[in-house]
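**Student:** A single structure is presented below for examination.
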Amino acid sequence: MVDAAECGVKVMCRFRPLNQSEINRGDKYIPKFKGDDTVVISGKPYIFDRVLPPNTTQELVYDACAKQIVKDVLDGYNGTIFAYGQTSSGKTHTMEGNLHDPGRKGIIPRIAQDIFDHIYSMDEDLEFHIKVSYFEIYLDKIRDLLDVSKTNLAVHEDKNRVPYVKGCTERFVSSPEEVMDVIDEGKANRHVAVTNMNEHSSRSHSIFLINIKQENMETEKKLSGKLYLVDLAGSEKKTHVPYRDSKMTRILQDSLGGNCRTTIIICCSPSVFNEAETKSTLMFGQRCVCNLNTFISGEAVPVEEQQKGKEKKNSEATPTIDSLAPPPQPLCDAEKTQYEELISDLYQQLDDKDDEINQQSQLAESLKQQMVDQDEMDLMRLQREHEAAKEEVKEVLQALEELAVNYDQKSHELEEKSKNNIQLSDELTQKSTLLSTVERDLATLREVSGHHKKRSAEILGMLLRDLCEIGTQSNEGPGAMEEEFTMARLYISKMKSEVKSLVNRSKQLEGAQAETSRKIQANEKELASCQLLISQDSLMEELAKLHAQGASHTNVSETVNEFERLNKFCFWVFNNIEKMHEVSVMDKEKEHMSKMKDAEEMKTALQEQMESHTEAHQKQLSRLRDEIDEKQKILDELKDINQSLQLEQEKLVSDYDKLKQEEQEKDDKLQQLILLNEKREQAKEDLKGLEETVLKELQTLHNLRKLFIDDLNTRVRANVELDSEEAGGSLALKQKIIFLENNLEQLTKVHKQLVRDNAELRCELPKLEKRLRATAERVKCLETALREAKESAMRDRKRYQQEVERIKEAPSPFVQDIMPDIMPDTTQQHLAHRVIPSEEVGCRAHGVHTTTTNTPTKCRRLSSNTTTTTVAANKKWLHTRLRFTNKHTWNEITKLHHKHKNPDHQTEEMKL
C-alpha cells in the first residue's frame, strides 16, 4: 500500500505487438525484458515501476496502473492518468480500447465500472455526486466535445484558486452506461486524421474529467476528488512534452502537484523502424520517475482550523513582511470596503474581458466556418456545373456517335439497294434478250407458215395443170379409148397416190398452220368434186360418141356393158373413194379439229403464255421502272437525308466546338476561381498569421492579467491579514493599484486597438488586392505602350536613315529648287560637287560671299578650331535643313536660313 503522505510519480511502460504493416515490412523486434521493471533497448536498460510486455491483457494493465487510483479518488485525493507516446503506439487502445467489449475495453470504461462498484459497496449514509466532462485541446484551443459550439473556452480560477474550464459542459451520471454514452458522444466529435502509421489517429489531447463529491449525511463530512484521464496526441516532432503545454498545465495545476496521484503510461513500439522515438519516449519516462508529489486529502476542514492555520502562517510570515514592508498605516473601514469593491470590480472586468474574448473567438470560428462552407458550396456548385457540362458533352458525343452509326447504316442500306438495283437491271436485260429470242422464234414460225402456204399453192397449180392436160387428152378420138381407160386407171391410181401424198402432206402441214389445213381441205373437196364432174362429163361424152358411132361396131354392146361396168365400178370406186374420203376427211377433220384445237389451244396457250410473258415482262418492266423510280426517290431522299445529316453533323460539330470552347472557358473560369481561392487561402493564411499574432498578444494580455491578479491577490491578502501593521503602506498600495489600473486600461486599449486594426486590415485587404490588380494592369499597359514607342522609334530611325542615305546619294528636286533661295552661290556649287573646302566654309561662316581668289587673306585669318567648328555647324545645319525640307515646312526652312545668316549663334549652339 502506497503511503498517502509522500509518493513518487508512477511510470508504467507498455509495449504493443508488431502490427501487420511492420510484419509485412519484416521489422525486427528490439525490446528485451528483464523482470517486471526493466526493459533493454540496444543494450541500454530502462527501469520503471512496471514494464508491461506485448502479451499483457487489458485487465492486467488496469490492475497495475489504475485500480489503486480509484480508491484514492474515493478517499478524497485527486488523480491523473497520462497515456504518452508516439502515434500508433497504443495510447488510445490503453485508455479506451473497445468500449463495449468486456475483454478488450481499456482503462476509462474499467474505471467507470470500478467507481460505481466501490460506491455500491460503501456505507449507505454516504451521498455521491458524480459529474463528467469531456474536452480536447487542439491547436492550443479548448474545445468542448459534448457541445461542439463551444470552441475556444477559457481557463479560470475559483475563489480557492482552483483552475477550471469556464463554460465546459458537465453531465451528472448515475451508472457506468451513462458514462459510456458520454464517451461515445465525445469520441464522435474528436479531431481525427489519417496518418501514415494509423488510419484513425487523433491530432488533439483529450481530457476526460470525473469529479466525485461525497458527503456523510450523519457527520456532514465532505470529500471531493478529481480524476483526469488524459489521452495525449502523438509525441513525434514535439519540441516539448505535451503536458507542459500552457493550457494543459493550467487545467491540471491541482492534479500534477500537491493533492494528486499521478500515473504515466508510456506506450512504445517494438519495431526497429521506430527505435529513435521509442528511446525518446523511454528517456521521458525515466525523467518522470525522479519527480515526487506530496498528497493531501480533499477532506473538508472546519473554519476554526482554517483560521488557526492562517494565523500560524501569518505569524510565521510576519517577520519577513515587517522587514520588507514600509511603516504600517492603519486603514479605515471605508477604504477597506472601497478596496474590496475595487478588487471585485477588477475581477468582474476580467471576467467580462474573458467573456468578450470568448465571444470574439466564437465569432471568428463561426466566420471561418461560414467561409469554409461558402467555399465548399462554391466549389460544389462549380463541380456540379463542370459535371453538367461534362454530361452535356457526353450526350453530344453520344448523339454524334448515334448519327455516325445511323449514317453508316444508311450508307450500308444504300449500297444494298444499289446492288439490288444492279441485279434487277441484269434481270431486265436477261428478260429483254429472252423476249427478243421469243420474237425471233415467232418470226421464224411465221416464215415457215408462209412457206407452207406457198407450197400448197404450187401443188394446187400442178393439179390444175394436170386436169387441163387430162381434158385435152380426153378430147382426142375414140380410138384411143383404151388408152384413155388406162390413162384413167393411171390417173385414178395417180389420184390415189396424189391423195395419199396430199393426205401425208396435209398431215405434215396441219401441225404447222390451221388456216393452211382448212384451205387444203377446201381445195381437196373442190378438187374431188371437180374430178368427179370432169370424169362424169368425160364418160358421158364418150358414151354419147359411142352411141353415135354405135351400130358400126360389133363389140359396141360389150364395150358399152364393159364401159357401164367400168362406169359403175368407177362410180363405186368414186363412191368408195368419196366415202373413204369423207370418212378420212371426217377423221381428218376430227383429227385436224382435235389437232387444230390442240394447235389452237397450244397457240392460245402460247399466245396466252406470250401475252402473260409479255404482260409479265411489261409488268416487270413497269415494276422495275417503278422500283427504279422508287430507288431513285429513295436515293434522292437518302441524299437529302445525308445532306441534312451532314448539315446536322456540321451543326453538331460547331455546337461541340462551342461546347468545348464553353468548357474551356469554364475551365479557365475554374482556374481563375482556383487562383482566387488560392489568393483567398493566402489571405486566410495572412489573416491567420495576424490572428495568431493577435492571439499571442491576447495570451500576453492574459498572462499579464494573471500576474496582475496574482500580485493583486497577494497584496490584498496581505492587506487583509495585516490591517493595522500595514496602515503606513496604504499610500504605496494605492499607487500600485492606480498603476495596475492604468496598466489594465492600457491593455484594454491595446486589445481594442488590435481588434480595430484586425478589422481594418480585413476591410483593406480587398481594396489592396484590387489596387494590386489595377497596378499590374497599368504596368502591362505601360509595357505595351513602351514597346510600341520603341517600335515606332525604330521605324522612324530607319526611315530617317533611309532618307539621309537617299539625300546623300541624290538631293531631291525640291531641295535643288529651294537651294538658290537659302544658300549662297559658293555653297551651292560646293554642295553640287559634294566638296566644301574648309577655307570657303570659314569665309561663308563669317559672312564673306566672295570666292577664294578674291579673299584669300580673310579666309586664312580663321583658325583651325574655328574652321572645324564651323564645318560641323554647317553639316548639322544641312542635315536639319534636309529633314525639314522632306517635311515641306517653309517656316522652318526660313528659320534655318536666318540661323545660317548668324553663324556665330549657330557655332555657340553647336558648342553647347
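Just so you know, the numbers here start at 1 and follow the chain as drawn.
A Cβ is built for glycine as well, from the same backbone N, Cα and C atoms used for every other residue.
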**Student:** Per TrEMBL, which of 87-113, 303-329 is region 'Disordered'?
**Tutor:** 303-329
**Student:** Which of the listed binding-site residues (Gln86, Ser88, Ser89, Thr92) has the least company, meaning the fewest other Cβ atoms within 10 Å of its Cβ?
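**Tutor:** With the binding-site residues Gln86, Ser88, Ser89, Thr92, fewest surrounding Cβ atoms within 10 Å: Thr92.
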**Student:** Where does Gly85 (ATP binding site) sit in the DSSP three-state scheme?
**Tutor:** strand
**Student:** With an 8 Å cut-off on Cβ-Cβ distance and a minimum sequence separation of at least 6, pull the same-chain contacts of Gly90 (ATP binding site), or say none.
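**Tutor:** Set apart from Gly90 (ATP binding site) by at least 6 residues yet with Cβ under 8 Å, we have Arg14, Arg16, Cys267.
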**Student:** Among all the protein chains here, how many other CB atoms are within 10 A of the CB of Thr87 (ATP binding site)?
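**Tutor:** 21, counting other Cβ atoms within 10 Å of Thr87 (ATP binding site).
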